[in-house]
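Asker: For reference, the structure I am asking about is given below.
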């Protein structure tokens, strides 16, 4: 080779950062590379020259120069030469066992030892295994069992137990170690230097055993210092890089959790996909061949699963197959024990463990070698078990795998909890749909009912009496649907609704009123009649949409009323109170109204434009909500102030809404404006409901207010007096001020107030209050069809 070419080669090496020292250091750590290079690339003649040169030196002794390089207890020079190599090895996931073996080779040179043995902890950290490096051409590193960690056996076991360095000049004469080193060449060994390899946080990871043969000088304290310094440096270096690995793994885990969270919230229905995502990461986390996730059925004391890792891959990702669900007793197997005890189990040999349940292997055709089984705990209870099967790199799962998996198991609990919660929600939705289907069937009128209403004819006498404010629908129960059709046609015109849809709607509304004493179908038609009378006596004041909306709102304003007040539902956390925090029943009534409108053939507003449809629904909503008596007091006060100051303007929508709200209250309370016998009978119905609510409160140990206490029925007249003065009279007074044609309501209310005062005084009240209009006719009534033209 010419000088020019030689210079070019050296320059190239320098450019890449290689130095003679780094190459030598690498070859010291990798003697097999040198062996292969020599055997393949160096001629026999050259080897002979090397051998002749070598015979001039002691064959078993390292050169003084080589020894001195590693005898500095601060590892000056060696650290700098090997640091980048070691970090590179560790950063790329290099085998710590092999790396420590290579470093042990350096320590052997530094201490002039004849040989060494490197031990690592066994599967359960209670035994030692001697490390056998790979062969020159092929083969994998091996760990050969060397016995349990206990005193009274070998020096390595003794040091592992005590975690203290031992320097023994003559091991064969030391009674503490009856088995000596336990190595095959132990009879030639005399002096032993045995050191524990401990991490920076105090965990024992291995034992280095250096020895010298018979006839050699025994190890001394300086050798111990050199070896200790080397191991300390190596332990710190490895720990530092492992910490970095751990941080990288934590970052990876955090990224994974964010990814899974995004997956879950973006596609909440794909629970199987979420579980697959988790199981894939869990496999990679501990380098397992298979993964299984079992959920716990505490009711039946079983474990079950329907998602299985079949060991195949597609585009580099494991395939999970959803099959028929398998179940087995919680009393069986390793997974069963983990589910029962909540303890982590790390089984190095599954078939040697009597707890292993072979049924799953028989079912799947898979052979299980080792298992890492972790409980998934939520709210102090085991809700699932994650089982990692067959460690890929290594003979079994390690303690590090356990620690990493414990951290991951916390998120598994969250994911599994979400999965179970979603499953329950889906199950509840199915029950809900079935229930709604049944409810729909039983709450929709029959064809006979709505067709009968279409053919119904209303007596002429009733048509005349309907126009009166104090008209009582009570005696005409079979005619109530027809009465409402008549009022709709009189107020809004016969073509305002399709007759078939209107009849369907009315009869289904009737069916959805419950059989409670007061808030029932009769009350609905009574309130609708009062609104009809107000609209008829204030003709031209309200739009067509308002007239339609208000009459429908009155008919539906107490739909599905259960006979209990809002305060009762809220006090005892009724589901309706959870749905509607304010105006609970009123919001439910509106919701039921919309539900009926959405039934097939029931949408009486289907001919309206979309904007008109929204308007009429809003009119109905506001009107029904206004029947919440808690809202009445503030509304009436505002209207009274507007009226007194002259600021009330019915062209202002907010003012108009307030007036309509007062009209709804007046209609809802209209029983106080009927003839006295009707008013008194209706009061009995109202109190029947109040007392039923009071009885329920008493059952729960709560004393109801006097109005709801049947034991205080003697206080009813006094209570009515207070109600009239505080609520009814002010309501009709303000309404009369704004809408003067409604004055008959105020007059009738005052007459009934006088009747209650007479009751309190003990006077006879068995009389009818005279009212406008003709007396009921005793003649045979003329028949009129409900479809009356204006």
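Using the three backbone atoms N, Cα and C, a Cβ is placed for every residue, glycine included.
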Asker: Please pick, from 401, 668, 695, the residue that Swiss-Prot records in the divalent metal cation 1 site together with 523, 557, 558.
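Answerer: Swiss-Prot names 668 for this divalent metal cation 1 site.
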Asker: Of 368, 543, 742, which one shares the 3',5'-cyclic AMP site with 290, 291, 334, 335, 387, 519, 720 in Swiss-Prot?
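Answerer: Checking 368, 543, 742 against Swiss-Prot: the 3',5'-cyclic AMP site match is 368.
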Asker: With Swiss-Prot as the source, identify the stretch among 745-767, 768-790 annotated region 'Disordered'.
Answerer: 768-790
Asker: Going by DSSP, is residue 668 (divalent metal cation 1 binding site) sitting in a helix, a strand, or coil?
Answerer: helix
Asker: For the binding-site residues 291, 334, 335, work out the Cβ neighbour count at 10 Å and name the residue with the minimum.
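Answerer: Sparsest of the binding-site residues 291, 334, 335 by Cβ contacts within 10 Å: 334.
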Asker: Compute the mean position of the Cβ atoms of 523, 557, 558, 668, which form the recorded divalent metal cation 1 site, and then list in sequence order the other residues of that chain whose Cβ is within 8 Å of it.
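Answerer: Sorted by sequence, the hits are 519, 524, 527, 554, 561, 627.
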Asker: Determine the minimum-neighbour residue: among 368, 387, 720, listed as binding-site residues, which Cβ has the fewest other Cβ atoms within 10 angstroms?
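Answerer: If we count Cβ atoms within 10 Å for the binding-site residues 368, 387, 720, the smallest count is at 368.
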Asker: What does the structure give for the C-alpha distance between residue 558 (divalent metal cation 1 binding site) and residue 519 (active site, proton donor)? Integer Å is fine.
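Answerer: Distance between the two Cα atoms comes out at 6 Å.
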Asker: Hey, of the binding-site residues listed (290, 557), which one tops the CB count within 10 A?
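Answerer: Buried the deepest by this measure is 557.
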Asker: Hey, how far is residue 334 (3',5'-cyclic AMP binding site) from residue 668 (divalent metal cation 1 binding site), Cα to Cα, in Å?
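Answerer: One finds 68 Å between the Cα atoms of these residues.
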Asker: May I ask you to report the DSSP-based helix, strand or coil state of residue 291 (3',5'-cyclic AMP binding site)?
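Answerer: Assignment for residue 291 (3',5'-cyclic AMP binding site) reads strand.
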Asker: I need the CA-to-CA distance for residue 290 (3',5'-cyclic AMP binding site) versus residue 519 (active site, proton donor), whole Å please.
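Answerer: With distance taken Cα to Cα, residue 519 (active site, proton donor) is 64 Å from residue 290 (3',5'-cyclic AMP binding site).
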Asker: Which one is closest to residue 720 (3',5'-cyclic AMP binding site) in space, judged by CA to CA distance, out of the recorded positions 519, 523, 557, 668?
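Answerer: Spatially nearest to residue 720 (3',5'-cyclic AMP binding site) by Cα position is 668.
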